[in-house]
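Residues or ranges marked as L-serine binding site by Swiss-Prot: Thr244, Ala245, Glu246, Glu298, Ser397. The ATP binding site annotation in Swiss-Prot covers Arg275, Ser276, Glu277, Glu362, Ile363, Ser364, Ser365 and rests on sequence analysis.
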Amino acid sequence: MLDIQQLRSNLQNIITRLAQRGYDFPVADFESLESQRKSVQTLTQTLQAKRNSASKQIGIARQRGEDVSLIMAEVANMGDELKQAENQLEAVQTRLQQLLLEIPNLPHDSVPAGKDENDNLEMRRWGTPKTFDFPVQDHASIGEHLKLIDFETAAKLSGARFSLLKGGLARLHRALAQFMLDTHTQENGYNEIYVPYLVNADCLRGTGQLPKFEQDLFAVRSGAQEEADNPDKTGPAGLHLIPTAEVPLTNIVRNTIVPLENLPLQFVAHTPCFRSEAGSYGRDTRGLIRQHQFDKVELVQITHPEKSHEALESLVGHAEKILQKLELPYRVMLLCTGDMGFSAAKTYDIEVWLPAQQAYREISSCSNCEAFQARRMQARFRKGQEKPELLHTLNGSGLAVGRTLVAILENYQNEDGSITIPEILRAYMGGIERIGL
């Protein structure tokens, strides 16, 4: 969420910067609400001052033994007016808050201006795509040939965009997650957290999924328990399946003041993620690239504001290290203003090479959200006895497990349809070097 004081003092600059993201700022709505707020706030302050003055007069009159009935009646009337004005002010401030919750973050000055992914900047590449002397198969064909990916049964169980992994491939998927966690905790200094997969609406508002992106989430109905918890049906019980572990990990510091000496905080979690993929109809309908349920190892850093952009570079490096250890070619892209996520001030995407597509595809997105999420969550730090300040929050995939599996299937495929296990994973696979029929 943006700083309301910044909006009031520097509105035109903010409108211009948000326009670079393709966001049309609701100027008329904001100015109308601000006008109402000022008017009602002035009225409230005037009534409070009058009531305070009248109360003093009552005290003085009583000391003198004078009749205070008229002043008492006036104060009673003022109390009713004041309550009405306070209710109006609260209603206007609520509407302002709702408007603020729908405004995206400001892009950092180092982010290139652009409309979409075609305007992103390539920062670097690592590794050389392998050349094959046989026809390359895509990951779905390889998995089905090995009888280790079953889309048909998954569709029977759950519908489209689900999959069953079996045998050696299920084991490889598990090995990947374990390898990623070990690397991040043992080499990169992250603290592993096991998080709930169901979160409340406050968590989703804190990280920016609500209220704007509710259609991308899976809400959970709990039947009789929901009715018991919410008998007046004033709103949903509020639990959703997590779209990413970023949500629970970042919200660990919601409504918290972290001592400066405890910074930075580095969290890692391996979880399933659940997304409706509402805006992706017709895209990546075959295979594991875009699923309603997928596993991801998520990295979150909570930092001092002056350290967050340095932390972003290290976060990207931590994700890159996984691909380097797996010897998978990739490139790092700096996203332009028009391609960044809602909460991000700056984002790097890491894209892995997929031979069957002859293209680099996103496998990690690493973002610095600066104070945007912290303001929504009231996540702060304090130096000694000084006034608390907002933290900066960062997140990134380290990595998406399913997409990493896709990259291994395609980059490590053999002519006979088997898959060579990357050397770094063999210890996690009981020494197995190849998966085949």
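Note that Cβ sites are derived from N, Cα and C of the backbone, with glycine treated the same way.
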Max pairwise CA distance, angstrom, over record-listed L-serine binders Thr244, Ala245, Glu246, Glu298, Ser397: 9
Span of the ATP site, taken as the largest CA to CA distance across Arg275, Ser276, Glu277, Glu362, Ile363, Ser364, Ser365 (Å, rounded to a whole number): 19
Structural state of Glu246 (L-serine binding site), classified by DSSP into three states: helix
Cα-Cα distance linking Ser397 (L-serine binding site) and Glu362 (ATP binding site), given in Å to the nearest integer: 10
Integer Cα-Cα distance in angstrom, Glu298 (L-serine binding site) to Ser364 (ATP binding site): 9
Residue from Thr244, Ala245, Glu246, Ser397 whose C-alpha is spatially nearest that of Glu277 (ATP binding site), among the binding-site residues: Thr244
Candidate with the highest Cβ count within 10 Å, taken from the binding-site residues Thr244, Ser276, Ser364, Ser365, Ser397: Ser364
Residues close to L-serine site centre defined by Thr244, Ala245, Glu246, Glu298, Ser397, Cβ within 8 Å: Val247, Leu249, Ala269, Thr271, Cys273, Lys296, Val297, Leu299, Val300, Asn395, Gly396
In sequence order, the binding-site residues (Thr244, Ala245, Glu246, Ser397) whose C-alpha falls within 10 A of Ser365 (ATP binding site): Ser397
Site of maximum Cβ density within 10 Å, from binding-site residues Glu246, Glu277: Glu246
Pairwise Cα distance for Ala245 (L-serine binding site)/Ile363 (ATP binding site) [Å, integer]: 16
Cβ contacts of Arg275 (ATP binding site) (under 8 Å, same chain, 6 or more positions away): Asp216, Leu217, Phe218, Pro243, His292
Cβ-Cβ neighbours of Ile363 (ATP binding site) (radius 10 Å): 26
